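Below is one structure; the comments refer to it alone.
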Amino acid sequence: MAFRRRTKSYPLFSQEFVIHNHADIGFCLVLCVLIGLMFEVTAKTAFLFILPQYNVSMPTADGETVQYHYGPKDLVTVVFYVFIAIILHAVVQEYILDKISKRLHLSKVKHSKFNESGQLVVFHLSSVIWCFYVVVTEGYLTNPRSLWEDYPHVYLPFQVKFFYLCQLAYWLHALPELYFQKVRKEEIPRQLQYICLYLVHIAGAYLLNLSRLGLVLLLLQYSTEFLFHTARLCHFADENNEKLFNAWAAVFGVTRLFILTLAVLAIGFGLARMENQAFDPEKGNFNTLLCRLCVLLLVCAAQAWLMWRFIHSQLRHWREYWSEQSAKRRVPAAPRLAARFIKRESGYHENGVVKAENGTSTRTKKLKSP
């Protein structure tokens with residue numbers, strides 16, 4: 001299973017060999033884990049990589065349900081799905097993005113941004129659909145009070161825990177992909193910023209038992225990011241297409257307002273009114289004044305930073321637009337030359353000499369004297 005068409009062989013385990021074959025190496029490791037399921041001796045170890053751990057049977061009115069909580073073994077599962085994300089990344093790049101970019105004939109800078117947006121469009125679309133399904137089936141949209149009621153939310157349904165593990169695995173896989181994809185040095189700090197922001201917020205919601213609130217906030221954030229990267233892909237295909245960017249600009253500010261309002265409502269008011277406000281890490285309770293302030297400060301600082309970058313980029317875009325318009329107005333129009341009517345002699349020209357229509361010269365002949 002080869003993801004890259006190789007026209008040149010590289011020394012084994014050299015830098016170029018790893019870059020060009022990282023997806024194949026990851027596929028071999030995943031295949032080894034899957035083969036381990038076939039044998040009874042290694043099946044128990046293989047399940048540590050594939051399935052979420054720490055399941056607990058909880059009694060309910062209808063019987064029993066299986067719930068999960070987090071622990072150190074989750075790191076093993078996250079590492080396994082990091083390799084799954086690397087393989088899927090290579091599949092999308094090889095069979096979708098590379099074929100489209102060849103038709104567009106983009107420059108190196110635009111080609112790098114096109115690959116970035118293409119990968120994130122696929123990820124954000126699948127995450128929005130998955131997150132929306134989880135939020136609806138668990139009833140978090142119909143009952144907003146469930147975002148902070150019965151805190152701490154130590155025990156999670158299977159789909160909630162698996163969603164968080166996959167999210168952590170994807171953003172962790174984005175770090176080595178900066179090396180594998182040979183991202184330009186100018187782009188690395190910007191990409192590291194939003195990768196680290198996602199990792200901090202997702203891991204914080206997962207470890208602080210704020211998984212319900214984190215799901216709703218991720219749904220809002222991913223919807224906006226999907227619209228932005230879709231608009232950028234459409235702009236690469238047609239540079240005059242600005243409609244989706246205008247729609248994203250309108251949605252972006254509204255989304256920041258919703259995220260801040262929901263975070264303040266759930267953390268600042270909902271958790272503050274809960275009776276159990278003792279710091280107890282063993283029971284997963286972090287509902288103290290200091291923890292709530294730190295979480296709110298992190299969320300508000302991240303939203304303010306995103307809003308500042310958005311306003312800065314919009315102002316720069318408008319300055320460039322108006323400078324182009326003013327430059328067009330300053331260019332004087334070329335004066336039109338008055339049409340001059342040139343009187344031409346009858347006949348046609350040949351070697352600078354006017355010839356008559358019958359082939360004789362139009363010049364007057366001198367008569368020879370007898």
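Cβ from N, Cα, C; glycine included.
Per TrEMBL, the feature transmembrane segment maps to 78-97 (among others).
Under the heading domain 'TLC', TrEMBL lists 112-321.
If one looks beyond the transmembrane segment (118-136) by at least 6 residues along the same chain, the residues whose Cβ comes under 8 Å of a Cβ in the stretch are 89, 92-93, 96-97, 100, 159-160, 163, 167, 170, 215-216, 218-219, 222-223, 225-226, 229-230, 233. Residues or ranges marked as transmembrane segment by TrEMBL: 118-136 (among others).
According to TrEMBL, the feature transmembrane segment maps to 156-175 (among others).
According to TrEMBL, the feature transmembrane segment maps to 195-220 (among others). Packing against the transmembrane segment (195-220) from elsewhere in the chain are residues 70, 127-128, 131-132, 134-135, 138, 140-141, 146-148, 151-154, 156, 160, 163-164, 167-168, 171-172, 174-175, 255, 258-259, 262-263, 266-267, 284-286, 291, 295, 298-299, 302: each is 6 or more residues past its ends and has a CB under 8 Å from a CB in it.
Annotation comment: TrEMBL describes 247-269 (among others) as transmembrane segment. Packing against the transmembrane segment (247-269) from elsewhere in the chain are residues 144, 147-148, 210, 213, 216-217, 220-221, 223-224, 227-228, 231, 292, 295-296, 299-300, 303, 306-307, 310, 314: each is 6 or more residues past its ends and has a CB under 8 Å from a CB in it.
The feature transmembrane segment is assigned by TrEMBL to 289-308 (among others).
Listed as Cβ neighbours of the transmembrane segment (78-97) (distance under 8 Å, sequence separation of 6 or more from its ends, same chain) are residues 3-4, 22-23, 26-27, 29-30, 33, 49-50, 114-115, 118-119, 122, 165-166, 168-170, 172-173, 176-177, 180. Mean pLDDT for the domain 'TLC' (112-321) in this predicted model: 91.
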